[in-house]
Amino acid sequence: MVALLIFLGIFTCVETLPLSDSPSSYIPEEVPSSQTADIGLPPPTEFTLPNEDDEILIRKLNIQKTRKEILYGPSLIGKTSFFISGPLGDQISQRDQTLWSRDAAPVVQAVSHDAAAALHDIQIHGGLQNLDDYKILYQGHWSSSVPGGIAKGQFSNFTSDLLFSMERLSTNPYILRRLHPHADELPFAVDSKIVQKLTGSTLPSLHKAGRLFLADHSYQKDYVAQEGRYAAACQALFYLDDRCHQFLPLAIKTNVGSNLTYTPLDEPNDWLLAKVMFNVNDLFHGQMYHLASTHAVAEIVHLAALRTMSSRHPVLALLQRLMYQAYAIRPIGNNILFNPGGLIDQNSVFSNVAVRKFATDFYPTVAGPVRSNYFEANLRSRGLLNATHGPDLPHFPFYEDGARIIKVIRTFIQSFVKSIYKSDKVLAKDWELQAWIAEANGAAEVIDFPPTPLKKRKHLVDILTHMAWLTGVSHHVLNQGEPVTTSGVLPLHPGSLYAPVPGEKGVVDSLLPWLPNEQKSVDQISFLALFNRPQIVENNRTLRYMFNSESLLAGTVRAVAAANERFMEEMGHISQEISNRKFDDDGLSQGMPFIWTGMDPGVIPFYLSV
C-alpha cells in the first residue's frame, strides 16, 4: 500500500504540470500527428516530401528552428540513449507526462480498491499457510485493474516443469540461447547419472546435437540485494527431449553461497525453490531489459527524426503516431520507479542502483543495437530460429504469434512506403530522410542503425517495422499487463527472496519463508497491476488501431487508408484467435500448460504505455 500512496502523490504532482509556458500553445490531448502540434501550430492537412513542397523555404526554416529547440539531453535511468531536451523538447515531455498521468489515474484508483479487498480476504483466511493459499490473493479479485484475469494454468500448473521451461519461449524469450556445439563451452557440469536418467543421453551428446540451451543470469551476482531480501544469480540449462519432443529444464545453478546445482530429480521443494530463485532473476531481467531495448531505442530514433524532418514529412507523421506518450516514461520512471525509496526499491530484490547498472551494461551491446535486434535476426543470432546446429523448437509461442503480427505490420509499412516513394531513386533524393539517417548514425549515436545514405525502400520498411514492433509488441511482451497476468504471478514469480539462498539441499520443508508474506504479496500484485492499461480497449488505442489516426490517414493517399483497413481486419482475426485459445486434449496450449495471450492485438497498446 505504501507503493500506491507514493504513486498517487507523484501522480498528483505530474498531473498539475503545465503543458506549456504559453497559455495559447496548441497542444492536443489526443495523439499528435506531427511536431507542429507541439510548437503551437495546427497539424498539416497533407504530408509531402521536401522536393515536392512548394513552400520549401518555410519548411527549411521550421527545421532550423526545431533543431535549436529540440536537443539531446542526458540519458535517464542509466547510461543509455540521450533523452529529449531543449525548450520544445521539455514541452513535449511535459505534455506526454500529463497525458500519461490522466491515463494512469483510473488504474491507480482501481488497483487501490482491488488491493484492499485482496488483503482483507487473505487476512480473514488466516494468512498464507501454504502455497495454494496464494490463489486467494487472486481469485475473485483485481477485476477492475486486471479485467482479463490471470493466465489460465498459472495456478493449477505452477509446479510443472513444462510451464517453467516454456515461459522462456513466451513471457521472456530475450535471455535464452542455444549452445553452439563448437563455439560455446558447457557453462557448468551436471552429474552424468542424473543427465542420463532425465534425458536418456549425456551432456556432451546433447551439446553436440544442438539440443542444449542456456538462460544466464549470472551477471546478477554483482548486484547487491537490499536489506532483508535475497537472490541467487541463476544459470539454467534446458534441453530438447527427442523422446517426448518437449523443451524441458535440466539444471539450475545458483552461483552464490554454496553454489548448488539443482535438477528435477532433487526433492520437490528443493527443485521448486530453484525455479523460484531463477524467476526472481528473470523477472528483474525482463522488466529492466524492456526499458533499455524498447524505450531507449525507440526514443533516440524518433528524436533524430524530430531534429531533421519537417512536420510535413509523412515518415515523421507515422513515427509521431507510434511515439504517443513516449517521452513521459523515463522522467516519470526516474521520479517514482527508479528513485531512492521508489517503487522498485520497495518491490524488487535489487535497488535502483542495480537498475541503472543493468541499463548501462546491457544497452550498448545487447539491448540497444537496432538491426541485430530486428525480430527474426535476433532469434537467429541466439539459435532459436532456423538454427544450423540443432533441431527446430517443437513449439515457440513468442515466434508463432510474433511472426504473424509483424508480417501484418510489415505489409502496412510496405504500402505506406510505396505510396510515398515510387522508386528507390525517389527515396535516395529525399534529403530530409537522408538527414535523419545521417543524424541517427552521427549526433544521436543510435547503435547499429542502417548506414547512410539509405538507398533502398526495403531498408526504410525495416526501420519503420522495427519501430512499430518495439512500441506496439515487444514492449508489452515484457511489460504492460504481462507481468501481473503471467510472468509475475505468485507464488512462482516473486520479486525477491525473503530468506537466504540455502547452503545445502534437503532442508526446505516449506517455501513460505522464501516467499513474500500477505502484505508483500499484495504490494507486488498492486505494483505490477499499475502497469496495466485495460481502458485502451474501449478507446481504440490497441495494436489493432496502431495506424488508425485520422490526421495521418487524411494527410496521405487513399492507398494508405486502404492498407489500414486491411491491417485492422487482419489484426482483428489474430486477436480473435488468441483470445479464444483453449487447452487441447493434452492440457496444453501452444505446447504449454498455460494459455498465453501476451500479444493479443485487441488488448495490448499500440504505443509505449508504461
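Placed from the backbone N, Cα and C atoms, the Cβ positions cover glycine too.
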Per Swiss-Prot, His290, His295, His475, Asn479 bind Mn(2+); matching candidate in Val190, Val195, Val603, Val610: Val610
His475 (Mn(2+) binding site) versus glycosylation sites Asn157, Asn259, Asn540 - nearest by Cα: Asn540
Winner by Cβ contact number (other Cβ atoms within 10 Å) across the recorded positions Asn157, Asn259, Asn386, Asn479, Asn540: Asn479
Where His290 (Mn(2+) binding site) sits in the secondary structure, as DSSP reduces it to three classes: helix
Protein Cβ atoms within 10 Å of Val610 (Mn(2+) binding site), excluding its own: 24
Length of the line joining the Cα atoms of Val610 (Mn(2+) binding site) and Asn386 (N-linked glycosylation site), in Å: 33
Top Cα neighbour of His295 (Mn(2+) binding site) in the set of glycosylation sites Asn157, Asn259, Asn386, Asn540: Asn540
